[in-house]
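J.: As annotated in TrEMBL:
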- Asp204: active site, proton donor/acceptor (ACT_SITE)
- Glu18, Asn154, Asp204: divalent metal cation binding site (BINDING)
- Arg101, Asn103, Glu121: substrate binding site (BINDING)
- 16-264: domain 'SMP-30/Gluconolactonase/LRE-like region' (DOMAIN)
Amino acid sequence: MSSVKVECVAREGCGIGESPVWDEEAGALLFVDITRRKVCRWSAAAGRVEAVAVDAPVSSVALRKSGDYVITLGTRFAALKWKEQLVTTITQVDKDKPNNRFNDGKVDPAGRYFAGTMAEEIRPAVLERHQGSLYTLFSNLSVVKHFDQVDISNGLDWSLDHKIFFYIDSLSYSVDAFDYDLQTGKIGNRRSIYKLEKDESIPDGMCIDTEGKLWVACYDGGRVIRLDPETGKRLQTVKLPVDKTTSCCFGGKDYSEMYVTSASDGMDKEWLSRQPQAGGIFKITGLGVKGVPPYPFAG
């Protein structure tokens, strides 16, 4: 086993850092700070973070084939022009639920943007239950709703053969799998492939490696875990120096580095003094596996 190293590359102090995505062209890590309403970009070469302020909680960011980015903002899918700092709404969901917002989102191998909603939290992981839904934004900018009754719509990714969609509704404490039809974007036959153990706490963001194994960030668990979706076994645990690990992705030149976002919301002074890097961005090296580059939104 190669020696695993964890370092904080950006001490951002995010309220809720989320949705890390590697932008190969920019040589940078994209991520959002949901509660502080910022889309951020950390340059690997400069080691600096630039940010674009937005007008609502921003919960995910994705690359766009035509250039720039797409984001989930409040209950809107929107386009972001980085240099101009210009946000334009594509479409809105959950219009009947003014207390809702989007949470995690990711683009599938065919270029569709999947993202789910949830009720605004009263405090971290405390909220009105069953208010969220899972949506897909298609390249023609139409939206499909897959299902509702979601608590906290979270991590998502696809198997290497694109036949399985993996999904996390955080308060179910489960990583689920669906059959996936890449042609249509339809999902079905939901089943649980891993139930989190008590010390792993709440499953949050997720990504897949080139061996087809899943990595899940454990909110309040201070770790990322590697799972085998076929056997339902945990293969590896990597602990971080912060409790509120929120999401993970692979990046760097050859996608051999893992980047992990974290949160500081809900932590008191004493807790923050014990974990001064809370809300920071972490880089993990030496995992001995590589990740899959992110897919850009085709619309």
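Glycine residues also receive a Cβ, built from the backbone N, Cα and C atoms like all the rest.
Annotations in TrEMBL come from automatic prediction, not curation.
In the displayed structure, how are the listed features positioned relative to their neighbours?
T.: Summarising the environment of Asp204 (active site, proton donor/acceptor), the number of other Cβ atoms within 10 Å of its Cβ, over all protein chains shown, is 30.
Sequence-distant neighbours of Glu121 (substrate binding site) (same chain, 6+ apart, CB under 8 A from its CB) are Leu127.
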J.: Could you measure between Glu18 (divalent metal cation binding site) and Asn103 (substrate binding site) for me? Cα positions, answer in whole angstrom.
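T.: Glu18 (divalent metal cation binding site) to Asn103 (substrate binding site), Cα-Cα distance: 9 Å.
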J.: By a simple count, how many Cβ atoms lie within 10 Å of the Cβ of Asn154 (divalent metal cation binding site), its own Cβ left out?
T.: 29
